[in-house]
Every structure is written in structure tokens, then in C-alpha cells.
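The feature transmembrane segment is assigned by Swiss-Prot to 32-52, 53-73, 93-113, 116-136, 152-172, 180-200, 226-246, 248-268, 289-309.
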Amino acid sequence: MTVIDNHEALAKDGELSEASARDYFELLKPRVMSLVVFTAFAGLVLAPGQINPVLGLIAILCIAVGAGASGALNMWYDADIDAIMSRTAKRPIPAGRIAPSEALAFGLVLSCFSVAILGLAVNWLSAGILAFTIFFYAVIYTMWLKRSTPQNIVIGGAAGAFPPMIGWACVTNSVTIESTVLFLIIFLWTPAHFWALALFKMRDYEAVGVPMLPNVSGERVTKHQIVAYAVLTAICAVLPSYLGFASFAYGLVAAALGAIFIYCSIAVWRMPDGDLKMIPAKKLFAFSIFYLFAIFSALMIDRLAAMLVSYAGGSL
């Protein structure tokens, strides 16, 4: 069965399924959603000023629901290729546990709900950025870029980079140079992260015709690009210290983490072409996840430490 045939077969399924709550939760891409929630929370913490704790909780929940909605829409559209790729074949739609029409309705309802509640409860700037993020991921990336260009991850990575900017906007009702730097850290991190995955999943992407960079330009070009983006990410991650919204101590931590990130990318660059085990690529993929969590954790710890010092100084 071809990708097109499989897509048509899935589309004919108009009957209501007997999906469980767990199946619907899986549609939300919970692992991706956890990263979105974490970086959005970082934006809330790092932004100057304060937000009512209840409104902050509502903001995080809306961002989480919006991220889950875009994940559901992505799974709806990609059900045809998900059924072929070993990494995604057990997802609810290709596995037959949820009908495509149900997934589409689920994603659309959650999208509208998350944007409306965020706008009404917090502010419409953050809601507007959330709406654009959902649209960008579900339409621009999923329906257009992913299957048409090897730069899909580079451009499409913007969708995953918006959450800290949304969190920041929830507090300040503005987009600033600081929130743009938080955006850029994730935006520049994304290619190295996903191309490491694409290297050891080349056959899967080739089977479904998704033009990932390793399949289109080869392993050597991909490895060079991975190193370049790792270097850019490491530099950008130090900028909060340079711009003054993080301390020198944070800058040292970010520099050390960046050095390890670059080292792992160089290990991938030195990996022989055609290496079937792809161990350096797998290590880079795993470390890149830790790296992003560590950078944003360090930023939040640094911010909280500064607040405690300021509070202690003011109470003397």
C-alpha cells in the first residue's frame, strides 16, 4: 500500500471509534507538550514583573492545550506516513484506535478553546502568538514544509520556539529582545536535535518520501550543518548573560553546556558515512534534550536566585 492509498483508506474511516482517554492523551504528543510547558513556564518566570498565580496557571494550561491541539492536528494529517514509519506506526490513528475525523475535531476544538481562554483570561497578544504557533505547526510545517523541502525542520522549528515568548507575553503583554533571545535558543537548537534523529532514521523518512536533509543532501552535508547549528545555539544560549537578564554565573554554565553540545556534534561530524549503528548521532539526540532542559533550568534558577538576593537585601 502506498502513502496515498493509505491516506485514502484512513480518510474513509468515518465511524466513531472506541478510543480510550489514553488514546486521546497520546494524540496530544505528551512528550513534546512537556517541553512546551517547561519552556513556556520559563518565559513566565524570566519575564520582568509579576502575574497573578491563578492567571499564570491558566496561561500554562492554555499553552499546554494549544500545544496538544497542534500535535493532534499533526497526527491527523500525517496519519498516512505515520502508518509506514516504525517510530510512529503505533500512534492512535494509524493503529486504528481513533478515526481521523475524530482527531481533526479534537484538535480544532482544543485549538479554539486554548486561544479563546488565554485571550479572555490573560491578554490577547499572548493568545495571538499561541494561535499563530498552532497555525504555523499544523499548516505551514505539517501540511507544506515537512513534505516539500529539506529545510522543513529549520523553518518549521519556529513553532517549537514560540512557547517561552508566549509565557513572557503573558506577563508583560509585549515582545522584547529578551523573549526573542529565548525564542532563538530553541529555534537554533532544533536543527541539530532533529537532524541527529534523521540520521539514524533515514530509512523511515526515505520510505515515506519526507525530504529530510540526510536523504536529500547526504550524511556529510547534514553533519556539517549539525555542527554549525550547535555552535550557533551555544553562542545564543550565552546571550542572556551578555544582555543582562541573567548573571555571569549563568553564562559560565551555559558556556560549559554549549561546549559539550558542540563536542557531541563534532563526534557526529567525525562519524564515518554509512555507519549503521549511528551511536554518536543517538548520543547527540539524547544530550540535546538534556541540554535544552538544562539551559532553561539554569535560567530559571538564576532568576529565582536574583529575586531572593534582592528580597534579602530589601529586608535588611
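From the backbone N, Cα and C atoms, a Cβ is placed for every residue, glycine too.
Remember, predicted model here, so these are calculated numbers, not experimental data.
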Checking 32-52, 152-172, 180-200 against the transmembrane segment (289-309) for Cβ pairs under 8 Å, the most are found for 32-52
When each of 32-52, 93-113, 180-200 is checked against the transmembrane segment (152-172) for Cβ pairs under 8 Å, which one has the most? 32-52
The transmembrane segment (180-200): which same-chain residues, six or more beyond its ends, come within Cβ distance under 8 Å? 39, 42-43, 46, 153-154, 157-158, 160-165, 168, 212-215, 219, 222-223, 225-226, 229-230, 232-233, 236-237, 239-240, 243, 261, 265, 268, 278, 281-282, 284-285, 288-289, 291-292, 295
